Structures are given as structure tokens and as C-alpha cells.
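*Asks:* So that we are looking at the same thing, I have put the structure below in C-alpha cells.
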There are 2 protein chains.
Amino acid sequence: MFSKRPHSERSGHGSSGLPCRVWLRQYRPATAAQDALAAAIVTLLLIPQSLAYALLAGVPLTLGLYASLLPLVVYAIFGSSYYLSVGPAAVLSLMNMAVLQPLYPLGSPEFIAASALIALLSGLILLGMARLRLGFLANFLSHPVISGFMTASALLIAFSQLKYLFGVGGGGDTLPRLLISLWQHLPETSGLTLLLGLSALGLLYVIRTRLKAWLCRRGVSVFWAETWARTGPVWVLVLLTALVALLGLDQQGVRIVGAIPAGLPELNLPPLDWDLALHVFPAAVLLSLVGFVESVSVGHTLAARRRQRINPDQELVGLGAANLASAFSGGLAVTGGVSRSVANFEAGAQTPMAGIMTAVGVALSLAYLTPLLYYLPHAVLAATIIIAVLGLMDFHSLRQTWHYSKHDGLAQWATLIGVLALGVEQGLLLGVGLSLVLFLGRTSRPHIAVVGQLPGSEHFRNIQRFAVQESPLVLSLRLDESLYFPNARYLEDRVSALLAERPQVRHLVLMCSGVNLIDASGLDSLEAIRFRLQEAGIALHLSEVKGPVMDRLQRSEFLQRLSGPVFLSQYQALCQLDPEFTAQTLAARDAARPIPLAAAE
Amino acid sequence: MFSKRPHSERSGHGSSGLPCRVWLRQYRPATAAQDALAAAIVTLLLIPQSLAYALLAGVPLTLGLYASLLPLVVYAIFGSSYYLSVGPAAVLSLMNMAVLQPLYPLGSPEFIAASALIALLSGLILLGMARLRLGFLANFLSHPVISGFMTASALLIAFSQLKYLFGVGGGGDTLPRLLISLWQHLPETSGLTLLLGLSALGLLYVIRTRLKAWLCRRGVSVFWAETWARTGPVWVLVLLTALVALLGLDQQGVRIVGAIPAGLPELNLPPLDWDLALHVFPAAVLLSLVGFVESVSVGHTLAARRRQRINPDQELVGLGAANLASAFSGGLAVTGGVSRSVANFEAGAQTPMAGIMTAVGVALSLAYLTPLLYYLPHAVLAATIIIAVLGLMDFHSLRQTWHYSKHDGLAQWATLIGVLALGVEQGLLLGVGLSLVLFLGRTSRPHIAVVGQLPGSEHFRNIQRFAVQESPLVLSLRLDESLYFPNARYLEDRVSALLAERPQVRHLVLMCSGVNLIDASGLDSLEAIRFRLQEAGIALHLSEVKGPVMDRLQRSEFLQRLSGPVFLSQYQALCQLDPEFTAQTLAARDAARPIPLAAAE
């Protein structure tokens with residue numbers, strides 16, 4: 001990230017022109033070979049994953065492949081990350097299902113059209129955010145909320161797949177409903193399906209967690225061990241699909257994918273239904289934000305490994321365009337998924353050209369390979385999904401966050417439980433809302449410290465934490481928060497209480513090192529405090545006011561009403577307001593030199 | 001406010017027992033006489049005002065008087081302000097009308113029951129806020145938003161009364177609709193009504209703005225001039241009502257109040273309609289917050305004039321109980337109105353006993369005086385309302401706020417225009433929402449300053465604003481914002497950009513004097529920055545970390561991963577990280593002594 005050569009050119013940073021022009025200009029055959037190899041591996045992985053996420057989203061399985069085609073090409077042109085692989089993702093598919101399940105029957109033409117509409121809206125929302133520079137909105141999904149949301153979504157997804165594993169019907173959009181539905185349908189369980197599903201689950205789990213180490217121990221080189229471990233899931237699918245075909249298990253109750261129409265998607269504008277658009281708009285906003293956050297965080301992480309940077313504003317454009325492309329070519333909201341991007345990176349992709357090559361691979365598969373998927377059992381796809389979402393669960397973070405901050409922990413648990421008990425959208429909104437309310441609640445009762453001078457320095461610290469010297473005439477108060485509408489009235493209360501305890505004080509110096517903003521409400525409060533202090537014969541002063549805050553104060557009449565100047569530092573304020581006190585401390589400082597070393601407080 | 005004797009006892013501060021016990025214990029006959037005189041004056045004022053606000057709220061006029069009865073007594077027992085006069089208020093009545101007008105015909109039994117339900121909800125909401133210590137929520141109505149809201153509401157109220165002045169029908173809940181409706185109904189204008197209304201308007205306006213000064217110039221004593229000016233509106237009403245009665249104007253198209261049922265209100269539980277309660281709940285929340293803010297700000301102002309304090313938490317209890325009392329005795333949401341409270345204070349009220357006496361006055365009027373109100377014309381009541389809300393309009397603040405801060409000004413204008421164009425609730429929500437979004441948008445791109453040492457001091461300031469000295473090895477960054485979820489990712493971007501420009505830097509010291517919180521997202525970002533810096537061979541340090549922030553950091557593993565201690569001050573960090581640089585500046589300091597005086601930056 002901080003290498004000495006400027007990386008701005010390579011990373012496509014800067015807003016002049018398309019990011020792809022930078023890497024296309026210096027594209028070399030050697031790079032092409034690396035990209036092609038990565039594309040081949042990723043294509044193999046993408047096919048079952050895309051089918052699985054289409055199943056999860058409630059649309060025909062082909063659409064999953066369609067969504068891994070054109071969006072990849074479009075993102076390669078407009079996106080700023082070199083390694084991101086864009087396509088359907090587990091959480092977005094879950095959200096798609098959660099929004100549309102109550103409205104239309106699964107897989108119906110209306111359901112499909114509505115999914116395309118969500119992709120369209122998501123594309124427009126992301127492009128709109130790029131245009132209006134609203135990328136910061138994604139920050140309101142705080143880390144704990146996102147982590148709680150991902151864990152809960154992964155749990156929800158895993159439990160929603162159990163019905164395919166058991167070969168039964170039913171379903172639901174919350175954990176309780178999923179469990180009840182599964183319990184009710186349990187008598188219909190198809191033993192063969194369950195056996196097949198559990199085998200897939202076991203094999204995939206072992207491949208994921210053990211295969212590489214086992215192969216290495218058996219003397220296989222690291223490269224081949226990794227390649228086998230990475231492509232292992234594909235072989236499991238091939239094996240189990242062949243088994244179903246050979247034994248004719250589909251005649252004995254095992255549900256299979258069946259005929260997948262071959263050929264490339266047609267380009268169509270999704271049908272525009274304004275009422276529906278209005279109805280799904282809030283969900284589309286959330287889905288866009290979640291997709292953006294997931295994509296940017298993967299992009300950042302991968303870029304940092306090669307000391308590159310990604311440009312969040314350009315990511316909005318790339319993802320927005322990819323979603324539009326998806327909407328026009330079949331339709332399922334897309335984002336830069338974690339597992340596919342990591343696979344792309346680790347398979348050695350060098351530039352976004354790998355994404356374009358992957359799209360070609362998917363297109364070839366759509367043209368020629370769909371007959372091979374005929375006997376693929378749903379239970380095996382479900383097992384693929386369950387294993388894929390294991391990586392999204394982060395229970396360690398729950399404990400760690402709670403330990404660090406109860407507020408953050410509360411927001412995280414609320415999101416987790418909200419998603420599981422109320423639904424995806426509701427849970428996420430609950431988490432975001434709660435983290436905002438908790439933050440605003442905290443900021444409305446800021447920390448206000450009485451400070452004194454550290455002996456032998458010009459530094460002022462809290463009298464309750466440090467052995468400091470206080471002037472009897474001057475009360476030094478440090479406000480540890482911006483002075484703005486949520487806390488304006490609180491300062492008035494605290495100042496009056498503190499001064500009531502100190503009848504001899506003649507000057508109040510408000511040390512503003514922690515004040516990053518004084519808004520109109522804060523200014524009103526300062527003026528009220530100044531006026532009331534004046535009535536009581538106490539002068540109000542400010543010190544260490546930062547430049548931007550000072551600029552604004554100078555536009556008001558407040559500074560003229562102050563009885564003295566604004567002091568550059570708290571120390572200068574003391575020098576002028578109580579020279580006798582400062583003379584004593586000066587003597588102490590000269591005695592104390594050399595300066596004591598830093599101490600962890 | 002800051003008198004040396006502790007006022008806590010007199011002001012009813014402190015949560016032990018009912019606030020009224022404090023003043024009842026020391027109640028003296030002399031005080032009673034003063035309270036009784038104030039009560040007499042306020043009663044006279046309250047009667048037309050209460051009728052007018054009932055008209056505005058869309059309920060039978062008697063209910064306005066009912067709402068000025070029991071709530072006054074209950075507030076006197078539970079409230080913490082000595083001078084607040086509780087009853088129906090212009091803005092609350094407007095909100096009541098705005099919510100219920102689309103649901104039920106004006107004045108219908110359903111409308112009345114729904115008004116009582118709103119009062120009931122408002123009481124429960126306020127008591128709930130007191131119980132859960134949620135009084136801080138009222139702070140989210142920032143000063144500019146409240147001011148814009150008040151101005152717009154006053155305009156809306158004034159325009160909504162024009163139809164009574166013209167004696168026509170119609171109406172509306174936004175300014176455009178009001179104007180269109182008035183235009184359409186203009187041909188029906190009753191000339192006599194208009195004449196009567198305009199006369200009332202003119203007389204009331206002159207009394208309000210000129211009478212006192214005119215009487216003083218004529219040699220009347222200030223006391224009597226004030227009394228005449230204050231009770232003037234009542235005499236206008238008496239005069240014009242008598243005129244209508246004597247000339248029989250009600251037979252010629254002038255609409256009059258008519259028969260008002262005499263007698264005290266019955267105590268009833270308002271009918272509980274859960275669907276309706278759910279529907280009006282959001283409006284009730286807003287109405288409660290607005291009432292609370294209005295009440296607390298009046299209470300604070302009046303208390304400060306006698307160096308007392310009010311207790312916002314106790315105010316929630318007082319107002320909540322008053323609203324419950326109103327709900328049970330007829331029903332109209334109440335608050336401590338500006339004009340009636342100021343009148344109470346200026347008429348010489350000493351304790352809440354004045355409120356109880358006022359209630360007795362209103363009760364007597366209800367029992368004996370209602371026949372006198374028979375001929376009171378609606379147009380005159382409308383003129384009373386228009387004059388009363390003039391005081392709520394503050395156009396000066398619009399200009400001033402815009403000049404001080406564009407963000408605050410934007411929120412204020414949005415509220416103003418929102419209320420006028422969209423409606424009361426919508427406008428207020430727009431303002432609150434916009435001020436939050438603007439705040440969060442700003443806080444997500446915080447000010448980050450590169451700082452250097454001020455020659456001759458241990459103080460560090462922005463290199464772009466001051467002639468300071470910089471160490472070539474150590475980059476000193478001051479983050480002027482808490483490090484939390486809205487801006488966590490922004491810091492990562494800025495740090496990487498700044499270090500890319502300074503290849504020789506070996507240490508980054510993050511000066512945390514402006515960091516008042518590091519939440520879990522901020523901690524993740526710090527850890528990401530530390531890790532990436534380490535990869536680039538740069539050490540990350542922190543300085544001037546405040547106590548509460550340090551406490552929390554010590555609960556994480558971050559401090560152990562730092563390559564050095566947390567420095568007490570930026571100066572100490574420099575001393576240790578670049579001793580050569582500090583030695584030079586030490587020499588400069590000794591030369592520069594005595595310390596230069598403060599300068600306005």
C-alpha cells in the first residue's frame with residue numbers, strides 16, 4: 001500500500017477515463033497466459049456456485065450462469081479492482097429471495113422479472129451514489145453490524161438449504177419458521193436424497209479443511225495440492241451427478257436440476273412496474289449497500305496484498321454497471337463475492353482480463369455443457385451452498401466485539417438476532433438503526449474533564465487521572481466532543497454544576513482540542529453559557545480552537561462578545577489569566593528537565 | 001444560574017420525592033397573594049386562547065378550556081419549573097389537526113376521541129422517555145430545525161385562520177392547498193365577518209405593539225400600562241362580542257361560537273382503538289418531542305431569570321402526567337406554551353401554586369361564564385390566533401444561521417419549506433433527517449491536519465495555518481474527529497495518500513487530542529493501518545490519547561501490537577522519536593522566552 005513508487009497508474013486510481021485503459025495499454029502475452037489459467041480454474045468453480053446461488057435466490061438455475069457472464073465483462077471495463085470477480089453472491093441471493101418470496105411463486109415469470117428489476121434498481125442506485133458522491137453511506141454499515149449480518153445470513157442460508165438435503169418442501173424467511181417448516185415436513189424425507197446430500201456435505205467439508213494438508217503430507221507439491229483442493233468441489237459434483245445418472249436415482253425421489261436451456265441470454269429491458277419498483281426500492285438500497293461493502297472490503301484486502309489501492313467511487317461505477325448488465329441479460333443482482341474473488345486472486349489472475357476470460361468460459365459452458373448438468377441433484381447444490389457460507393460465519397468476532405465495546409456488541413447481537421428472527425432486511429435495519437441511536441445517545445452525554453497542568457510540561461490532563469496542578473482562579477475544562485445539536489444543552493448543565501462547586505473561580509477556559517465542530521445549536525449554547533457566566537461575574541475563554549472551527553466562529557458575533565482573545569494553547573491561557581501560578585510551574589519545569597519519557601497512561 | 005447559594009432545593013432539582021413538596025413546605029401567605037394575582041390575569045388570557053387553540057385543533061371549543069384545567073394542577077405537582085403554564089398550544093393543536101383531518105370529520109365524536117387518544121399516547125411517551133432516560137432524544141430537534149419548524153408552523157397556522165376571517169369554508173394541510181382553497185372560496189366571502197375579523201386583527205396588533213408605549217407616554221404608570229396591554233386582547237374580545245350580540249350580526253352571516261356546555265369535564269378513559277393508536281403513534285412521538293422541547297426551552301429561560309434550574313427529566317414526568325390528565329378529562333395534547341408561561345411569569349407568579357389557582361379560575365369560568373361566550377365570533381378567535389403566532393416567527397434566524405453554517409441553514413430551510421409544502425409532520429421529519437444525514441456525511445470525511453511544532457512552545461498546530469517546524473522523520477497527524485464507523489475507512493485512505501508523498505518518513509504519530517471515541521470499526525481500521533505501515537517499514541504511534549479512549553484500547557490487543565508506548569503528548573513523542581529535531585527546538589524555546597501572548601488565530 002505504501003510502496004515508494006507511485007502506484008496510482010497501475011491501480012487505476014484517478015478519475016480520468018476508464019480504469020481499463022491503464023492496464024490494457026501495457027497488456028503483455030505473459031500476463032494473458034496467467035490470466036487465462038486463472039480464468040479456467042475460476043470458470044470451473046463458478047458453474048456450480050452460480051447454479052447454487054440461483055437456487056437460493058429462487059430463480060431458474062440458468063439465470064445464475066447468465067449473471068456470471070456479461071457483468072464480469074462490464075466490471076472489467078469500469079471497475080477499479082484488479083482481482084474482484086463479480087457475480088451472484090450468497091447474501092444478495094438470500095435478500096432477493098426474502099423480498100420476492102411473499103409476492104410471487106418461486107421461479108414464476110413475475111418472480112424472474114422482479115429479480116431483474118431489483119438488479120436494475122441496484123445498478124441505478126449504485127451509479128446514483130457514484131454521481132452524488134454518496135459512497136460514504138456504506139460506512140453506516142459498521143464493521144460489527146456487517147459481521148453480525150454476515151454470520152446471521154450465513155446461518156439462515158445454511159438452514160434454508162436443509163430442505164433440499166432432506167428432499168422435502170416448505171421453507172421460510174426466518175430461522176424459527178425454517179425450523180418449524182422443516183419439522184413439519186420431516187416425515188416426507190427422501191432417504192436417498194439425504195444420503196446423497198450428506199455424502200456431498202462430508203466430502204466437500206473434508207476437501208475444504210483437510211485435503212491440502214493431507215496431499216502435502218503424502219508428498220504432493222504445494223501447487224498441485226492447492227489445485228486439487230480448489231477444484232475438488234467440482235469433482236465431487238461430477239462424481240455424484242454421474243452416480244445419479246448411472247443408477248437412475250432421479251426415478252427414486254432424488255430431485256435433479258433437469259434440462260437447462262442451452263445458449264446465451266437474450267438482451268432485454270426488464271419489465272418496468274412502477275408500483276413494484278417502489279415496493280422493492282428500500283430492499284434494493286440495502287442490497288446495493290451490502291453488495292458494495294462486501295465488494296469494497298474484498299477489493300481492499302486483495303489490493304493491499306499487492307500494494308495497490310482501489311477507488312471506492314470507481315467501485316460504485318463498476319458494480320453499478322455490472323448490475324445494469326445483469327438486469328439486461330437475465331437478471332440477478334451481482335457483487336464481488338468473497339470466495340470467487342479470492343479464488344481468482346489465488347489462481348494467479350493479474351488483471352481484469354481474467355474476468356473477461358472467465359466470462360468466455362461461462363459462455364462456452366452455457367453453449368455446450370448444460371446437458372452434463374441434467375442429473376445434478378439439488379441436494380448436492382445445497383451442500384455446496386452450505387459449505388460456501390461456512391466462511392461467512394464469524395463467531396469469534398461476536399465475543400471480541402462485545403469485550404471491546406458493549407455498544408458495538410449490542411448492535412452486532414441485535415443484527416444477528418434480528419436477521420435470524422425477523423428477516424434479512426429487518427435485521428440489518430435494526431442493526432444500523434441501533435448503532436446510530438447508541439452513537440447519538442453516547443454523543444449526547446459527552447465526556448467533560450477538568451484538566452490541570454502536568455508538572456514539568458505545558459501539557460494539561462484530567463485531574464482525576466493525573467497528578468496535575470490546578471490554578472484556584474481558573475477552571476480549565478476539556479470538552480471531549482464536538483459541540484453540536486445532540487449535546488448542546490448538556491454542556492450548559494455540566495458547566496453550571498461544576499462552577500457551583502468552585503465559588504472562587506473567576507475564569508472558565510474551555511479547552512477545545514477535542515471540539516471538531518461547533519454547529520448553530522452549539523453556538524447558541526456557548527452564547528447562553530457566556531451570558532449566564534457574565535451575570536455571575538465569571539469570564540469565559542476558549543483555547544486550542546482548531547482552524548476549521550475558528551473560521552466558522554469568526555463568521556458569528558460570538559468572538560466579539562468574549563471578554564478576551566482565543567488562546568492558542570491552554571498553557572498560554574494560564575500564563576495570562578494567572579501569571580503567579582505559571583511562574584511556580586515554570587520553576588518546576590526547569591528543575592524537571594530533561595523531559596520525562598512517555599508512559600503508557 | 002451560578003449564584004453562590006445552592007439553589008438545588010428551591011429549584012426542585014434532585015429525584016427524591018415530588019418537586020411540589022419543596023415549595024409547599026415553605027409556602028407563605030404573601031406568596032399566595034402574588035400567585036393569586038398572577039392567576040387572575042392568566043385566567044383572563046387563557047380563556048380566549050384556549051378556545052382559539054381548540055378551534056385550531058378541530059375539536060369543540062369547550063375542550064380547549066378542559067385542557068387548561070386538570071393538566072395545570074397535575075403539572076404543578078409533578079413539574080420542575082416554577083413558572084411554566086401548561087395547556088393547549090398553537091403548534092400542538094396544528095399537529096393534532098394535521099394528523100386527524102384526513103381521518104375523521106372535524107368535531108365528530110371520532111375526531112374528539114382520537115384527539116384524546118393522542119394526548120394519552122403523548123403522556124405515555126413522555127413518561128416512558130422519563131423512565132428510560134431518553135430525554136436526550138429531544139436534542140435531535142436541533143435549534144435551527146426547531147426554529148424553522150416554529151416559523152413555518154406559525155405561517156401555516158396564520159394562513160389556516162384566514163378562512164374564518166373571510167367567513168368561508170374549505171381548508172387544507174399545506175400552504176399551497178390553503179391558498180388554493182381560499183382562492184376558490186373567495187366569492188363566498190361574508191363582508192361583515194371580514195370587517196369584524198380585520199378590526200380585531202388591527203386592534204390586537206396595535207395593542208400588542210404600541211399600547212404600552214402609548215400609555216407610558218400619556219403618563220400612565222408602567223405597571224398599569226403593562227396590565228392594560230396584557231389584558232387588552234380580552235377587552236377587544238368583550239367589545240366585539242358585545243357588538244355582535246347587540247346588532248344581531250349572527251343573523252347576518254357572522255359565524256359565532258354558540259352555546260358552550262357549562263360545567264366541569266367528566267373523567268373518562270379515552271376509547272382505546274389499537275389500530276388508530278398504531279396509526280397516530282409516529283405523530284404522537286413528534287408531537288411529544290416538540291411539546292417537550294418548547295416546554296423545556298421556555299422553562300430554562302424563565303428559570304435562568306431568577307437563577308434557578310429546571311430538571312429536564314422531571315419535566316418529562318410533569319408534562320407526561322399533564323397529558324394523561326388532559327386525556328382523561330376531555331382530551332387535547334398540552335405543553336408549556338410560550339405566551340401563557342411568559343404571561344404567568346411577568347404577572348408575578350412565584351410558585352406552581354399560581355397554576356393551581358389558574359385552574360380554579362378556569363373551572364369557575366366553565367361553571368358560570370360560558371353563556372357570555374355565546375356571541376363570540378369565530379373571526380375574532382381567528383384574529384387572536386394569528387396575532388398569537390406572530391411571536392413564533394423568526395425570520396432573522398434564517399439569515400443568521402445560513403451565514404454561520406450552510407449545513408444548519410440547509411436543515412432549517414428544508415424544515416421550513418417542508419412544513420409549508422408537505423405538512424407539519426413531514427417537514428419536521430425532513431429537517432431532523434436532513435440534519436442527521438448532513439452531520440453524518442460531514443463526520444464521515446473528517447478534518448485531518450498534518451501538524452508541526454510551534455517555535456518556542458510544546459504546542460503542535462496545522463502546518464497549513466501556522467509557521468511551525470516539522471521533523472523529516474516523523475509525520476505528525478491530528479485527526480479532528482472520533483474514529484468510528486462513519487469515517488473508519490476514510491482515515492485509511494488519507495494516511496496512505498499522505499505517506500505516499502513523504503518517502504523519507506519512518507514514524508507516523510497519530511495525535512488523538514480530537515479523538516473522543518474509537519469504536520470497533522475504528523479499531524479495525526487502526527489495526528489495518530498499523531499492519532500496512534509495518535509492511536512498508538513505518539512505525540505507527542499514538543499520542544495524547546484521552547483517558548476514556550485509552551481505557552477501551554487496553555481491553556483490545558492493539559496496544560501490544562504497537563511498536564512503542566502511547567505518548568502522553570505529541571511533544572514527548574517527538575523528543576523520543578527524533579531527539580535531534582527536539583534539541584534544535586529546545587534552543588529556540590529558551591531564546592524565545594518569555595512566552596508570547598495569545599493571539600487570535
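Heads up, the Cβ atoms here are built off N, Cα and C, so glycines get one too.
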*Asks:* TrEMBL lists transmembrane segment for one of the ranges A:76-97, A:186-207; which is that range?
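*Replies:* Comparing A:76-97, A:186-207 with TrEMBL, transmembrane segment matches A:186-207.
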*Asks:* Please work out which recorded stretch in A:53-75, A:144-166, A:228-249, A:350-369, A:413-440 has the most C-beta pairs separated by under 8 angstroms from the transmembrane segment (A:186-207)?
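*Replies:* When the Cβ pairs under 8 Å are tallied, A:228-249 comes out ahead.
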*Asks:* Would you call the transmembrane segment (A:111-132) and the transmembrane segment (A:53-75) in contact, using three or more Cβ pairs under 8 Å, pairs 6 or more apart in sequence?
*Replies:* yes
*Asks:* What parts of the chain pack near the transmembrane segment (A:413-440), using Cβ distances under 8 Å and only residues at least 6 beyond its ends?
*Replies:* 91, 94-95, 98-99, 140-142, 144-145, 148-149, 151-153, 155-156, 173-176, 282-283, 286, 290, 398, 402, 407, 486
*Asks:* At a Cβ cut-off of 8 Å, and with pairs 6 or more apart in sequence only, do we get at least 3 pairs between the transmembrane segment (A:53-75) and the transmembrane segment (A:276-304), yes or no?
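*Replies:* The transmembrane segment (A:276-304) and the transmembrane segment (A:53-75): touching, no.
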*Asks:* Within the same chain, where does the transmembrane segment (A:228-249) have neighbours whose Cβ lies under 8 angstroms from its own Cβ atoms, ignoring anything closer than 6 residues to its ends? I mean 6 or more beyond.
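*Replies:* For the transmembrane segment (A:228-249), the sequence-distant neighbours (Cβ-Cβ under 8 Å, at least 6 residues beyond its ends) are 41, 44-45, 47-48, 192, 196, 199-200, 203-204, 207-208, 211-212, 215, 220, 256, 343, 346-347, 372-377, 380, 384, 387.
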*Asks:* With an 8 Å cut-off on Cβ pairs and a sequence gap of 6 or more, do the transmembrane segment (A:316-338) and the transmembrane segment (A:350-369) reach 3 or more such pairs?
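*Replies:* Counting Cβ pairs under 8 Å (6 or more apart in sequence), the transmembrane segment (A:316-338) does not reach the transmembrane segment (A:350-369), since there are fewer than 3.
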*Asks:* Counting by DSSP, what is the helix, strand and coil composition of the domain 'STAS' (A:464-577)?
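*Replies:* When I sort the residues of the domain 'STAS' (A:464-577) into the three classes, I find 48 helix, 20 strand, 46 coil.
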